[in-house]
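Novice: Pasting the relevant annotations from Swiss-Prot:
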{"type": "COILED", "residues": "894-914", "note": "coiled coil"}
{"type": "COILED", "residues": "1034-1059", "note": "coiled coil"}
{"type": "COMPBIAS", "residues": "1-11", "note": "compositional bias 'Basic and acidic residues'"}
{"type": "COMPBIAS", "residues": "1074-1095", "note": "compositional bias 'Basic and acidic residues'"}
{"type": "DOMAIN", "residues": "113-223", "note": "domain 'PH'"}
{"type": "DOMAIN", "residues": "398-542", "note": "domain 'PI-PLC X-box'"}
{"type": "DOMAIN", "residues": "585-701", "note": "domain 'PI-PLC Y-box'"}
{"type": "DOMAIN", "residues": "701-830", "note": "domain 'C2'"}
{"type": "MOD_RES", "residues": "SER47", "note": "phosphoserine"}
{"type": "MOD_RES", "residues": "SER77", "note": "phosphoserine"}
{"type": "MOD_RES", "residues": "THR93", "note": "phosphothreonine"}
{"type": "MOD_RES", "residues": "SER95", "note": "phosphoserine"}
{"type": "MOD_RES", "residues": "THR556", "note": "phosphothreonine"}
{"type": "MOD_RES", "residues": "SER569", "note": "phosphoserine"}
{"type": "MOD_RES", "residues": "SER1079", "note": "phosphoserine"}
{"type": "REGION", "residues": "1-61", "note": "region 'Disordered'"}
{"type": "REGION", "residues": "83-222", "note": "region 'Interaction with PPP1C'"}
{"type": "REGION", "residues": "543-567", "note": "region 'Interaction with GABA A beta subunit'"}
{"type": "REGION", "residues": "1066-1095", "note": "region 'Disordered'"}
Amino acid sequence: MAEGAAGREDPAPPDAAGGEDDPRVGPDAAGDCVTAASGGRMRDRRSGVALPGAAGTPADSEAGLLEAARATPRRSSIIKDPSNQKCGGRKKTVSFSSMPSEKKISSANDCISFMQAGCELKKVRPNSRIYNRFFTLDTDLQALRWEPSKKDLEKAKLDISAIKEIRLGKNTETFRNNGLADQICEDCAFSILHGENYESLDLVANSADVANIWVSGLRYLVSRSKQPLDFMEGNQNTPRFMWLKTVFEAADVDGNGIMLEDTSVELIKQLNPTLKEAKIRLKFKEIQKSKEKLTTRVTEEEFCEAFCELCTRPEVYFLLVQISKNKEYLDANDLMLFLEAEQGVTHITEDICLDIIRRYELSEEGRQKGFLAIDGFTQYLLSSECDIFDPEQKKVAQDMTQPLSHYYINASHNTYLIEDQFRGPADINGYIRALKMGCRSVELDVSDGSDNEPILCNRNNMTTHVSFRSVIEVINKFAFVASEYPLILCLGNHCSLPQQKVMAQQMKKVFGNKLYTEAPLPSESYLPSPEKLKRMIIVKGKKLPSDPDVLEGEVTDEDEEAEMSRRMSVDYNGEQKQIRLCRELSDLVSICKSVQYRDFELSMKSQNYWEMCSFSETEASRIANEYPEDFVNYNKKFLSRIYPSAMRIDSSNLNPQDFWNCGCQIVAMNFQTPGPMMDLHTGWFLQNGGCGYVLRPSIMRDEVSYFSANTKGILPGVSPLALHIKIISGQNFPKPKGACAKGDVIDPYVCIEIHGIPADCSEQRTKTVQQNSDNPIFDETFEFQVNLPELAMIRFVVLDDDYIGDEFIGQYTIPFECLQPGYRHVPLRSFVGDIMEHVTLFVHIAITNRSGGGKAQKRSLSVRMGKKVREYTMLRNIGLKTIDDIFKIAVHPLREAIDMRENMQNAIVSIKELCGLPPIASLKQCLLTLSSRLITSDNTPSVSLVMKDSFPYLEPLGAIPDVQKKMLTAYDLMIQESRFLIEMADTVQEKIVQCQKAGMEFHEELHNLGAKEGLKGRKLNKATESFAWNITVLKGQGDLLKNAKNEAIENMKQIQLACLSCGLSKAPSSSAEAKSKRSLEAIEEKESSEENGKL
């Protein structure tokens, strides 16, 4: 190895070759990841990975300027109805010549060829200087070289044999401490560690694709450095090509090695149904034209070449090479490590992995020998097993025994309409659709019909109607098809007394014992649970006083349409209309009695738990803005129903998130109107098995807790999380419905929207990929801080970039709690909410803990965080000495709890950084990397796993280099901090819990105590708010500490298992393995016994 790779390098003079040797210091140095390469070589087109082309190809500078102009974010939330989109803006162009200027990367051979041709990379120095250099791989594959350089040619090189490790991303000290690091694209950066001291050569490519080529190629060369490099002979003997030959020969009935083009096209479509026939035919023509032949017959070689170019997704190939230790296939062990370390799958075994291989590998040889090649791996990643949605949430997974008021309830507005509320006819299919979608609250707006038969109709036009009886028969049939949990019928009664009696009789007859009519118990304080009300139908409506002698009476008419009347009428005097109600209909109303809202103070004093209020969107918005805390507290006990403003004459939808943030349970939506708001609603209720009930966050359920719907900061007692999303690629994007451009040309980009409390709302977008709908590569990473994960949703939106109105392609909305980590495919939905076949986004998801406040736009490293003053959640002064003295006792335990959690997290991040891994990496990945550093040249470990008091320590087996000492020191610190937390957590948590209990003893008398001390009005309210804040902090920090302890215990288990699998254990005998297994359980058993002793 030449020392030139890491030695001092002065900036080259301005007159050096091409003038490119001047260091570029500043934003221009790394802000643009796509720049023209020197030497007449073609640059990346962003529609695929470019291999070298002919010299003299002009640089696409105009396209670069257009890309920069389009970089301004747009509001993707404003999605227009595609049927109303009009032509306008620039025209999209279609090229009818398809000879490619680039070739996809589909093998290691392609990577090596690219590296030998060379390309420009930016070389980053520790002094923050950046140099443009042209890097190439020697023809003998033994060294990297770069130019221009002031060094001798033999020094401006790096021997492949000296390379220890290749890291993708900004994961070295040079990148982390460089002043320009924030301006360097994470996905374009990579580092080559070399020499005994692991010095780093830090580089930035012009695109993520180019970075992936270099990383994959170098890893392949390093892994093969001790083996003959015979792969350069070509790809003809790889398992993939052998399988394709078998497929071709089976279809070649004549056995002459030639097949009709039509037959070849059909065969490739059978192997990959997502491909378009026209694209396959075009590929054959390209291949034949390159060979200067024109024929309608295809050879075996041409068939294999076409299939590999059409069906190889470069981003999947790079991933496979990365996790397979640079083979071009995965064995069972590779797959097991991928599932455990990257996908977060637990309890995985070799047999499970072999079963996956047998189900997804396409070749018979692969299935028999137990390996998964690129095509089978692609199929596996596209399968439901790698869906982004957590399969546990596809069934009922939440506690269903809480009071009804503790759940969000899937609700429909104007269920009987299938169009807008002015022109739309009444239709029975509206109920069928809503109930099949898991709706648990439907609306029946009933009026008098002819022949004493109540009807449902659109009272704005009275054109068509359906009979009340037919509607409730349909409801009875479909009520519990999608969910067994209770169905609420919101009765809009506009009938005369005789027809009210008919309604009551028909409901009794059709629903029978499904009708819930039990009188509420005054001794109870909360509504029954969904579990207790399973398969029951609850009628919401007006109710007469309980006097049985009163057979009929007047009640207030809270017709939703009265809002419009009040707005439109100049004669409205504020008095509510009275209607007559019969006893028979009144008796069907039990635990959902409609009452009028006055104010929160009156409601909290006099409202019964079985009474509920309906709020118009306008009124609810006003209340949410003026009294956010009161609204949340009110909804802990009482049900609230929110319905869209009557001014929405087009039946557009309100934003349900605004009212879910206030704890409102029944936010009624116009199911007949698709769009972003309905996407949020549909996505939210996919969780918990789609049963129509979603448990609200505990901070919105606890009797004493502090939460404001308008909060824009960190919540007391809730630890914010960092959500890392990498948008890798898209697959098979359709042309937008109603788009005006000819052909299938689209310029897609992706928006990521975070919906939740105001503190969490955020939006980011990718770059635009020009003219690529089949497999656009985005390769962009985003990070978001999520303060209340239980109430957050992520919406992926794909749009077609246009100067006038970006057109909708597809979207997918998912609750934060349903995200699966790792590499996942996102199935996109159409504008009306239907899943589009084969249309997906390929993403990587990671969720990590985050300390401190502020929006998470840039990664905070532990080294930097350690220099900051640690922020502690502070308790508030109430103004009542007795209570304040109790809460003061908790100050020290709270600081201890926060210190233990943060110290452990910082120690974990530090060891990850030393391993060259980002904070999102798992400890399993960390130990795999660490073990590779601790294995000597003769393949023996330099350290050994030693269990001390059931904790996994690593001890040197002799003298070790300073680099390894540094890593072991960081590892020991992680174990020490984890051990300290595990051993001290229960004691500290007990102190916090005791302070919380002591404080809660004053809860009932808080107002009286405040009055005695002279607190009243705003001061008393402030004292009550501060008391709730303190209780919330204590409960939350206690729970966080308990969770941190469980996490630490699980980490110790994973570390020990990883050490065993990586060969860092002295004795692999069965007795040693049994002893290790017992050690895994020792900590947990010890902790369990201590907990049981306290009970």
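Using the three backbone atoms N, Cα and C, a Cβ is placed for every residue, glycine included.
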Novice: Other than its own, how many Cβ atoms are within 10 Å of the Cβ belonging to THR556 (phosphothreonine)?
Specialist: 14
Novice: Can you give me the average pLDDT across the domain 'PI-PLC X-box' (398-542), rounded to a whole number?
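Specialist: The predicted confidence over the domain 'PI-PLC X-box' (398-542), as a mean pLDDT, is 91.
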Novice: If H, G and I count as helix, E and B as strand, and all else as coil, what does DSSP give for THR556 (phosphothreonine)?
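Specialist: Assignment for THR556 (phosphothreonine) reads strand.
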Novice: So if I exclude everything within five residues of the ends of the coiled coil (894-914), which remaining residues of that chain have a CB under 8 angstroms from its CBs? That is, six or more out.
Specialist: 171, 176, 849, 851, 861-863, 865-866, 870, 872-873, 875, 921, 923, 926, 930, 966-967, 970-971, 973-974, 976-978, 980-981, 984-985, 988-989, 992, 1033-1034, 1037-1038, 1040-1041, 1044, 1048, 1051
Novice: Could you tell me how many residues in the domain 'PI-PLC Y-box' (585-701) are helical, how many are strand and how many are coil under DSSP?
Specialist: 46 helix, 23 strand, 48 coil
Novice: Counting each residue once, how many in the domain 'PI-PLC X-box' (398-542) are helix, strand and coil under DSSP?
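Specialist: Its residues divide into 43 helix, 35 strand, 67 coil.
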Novice: Counting by DSSP secondary structure, give me helix, strand and coil numbers for the domain 'PH' (113-223).
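Specialist: Going by DSSP assignments, the domain 'PH' (113-223) contains 35 helix, 40 strand, 36 coil.
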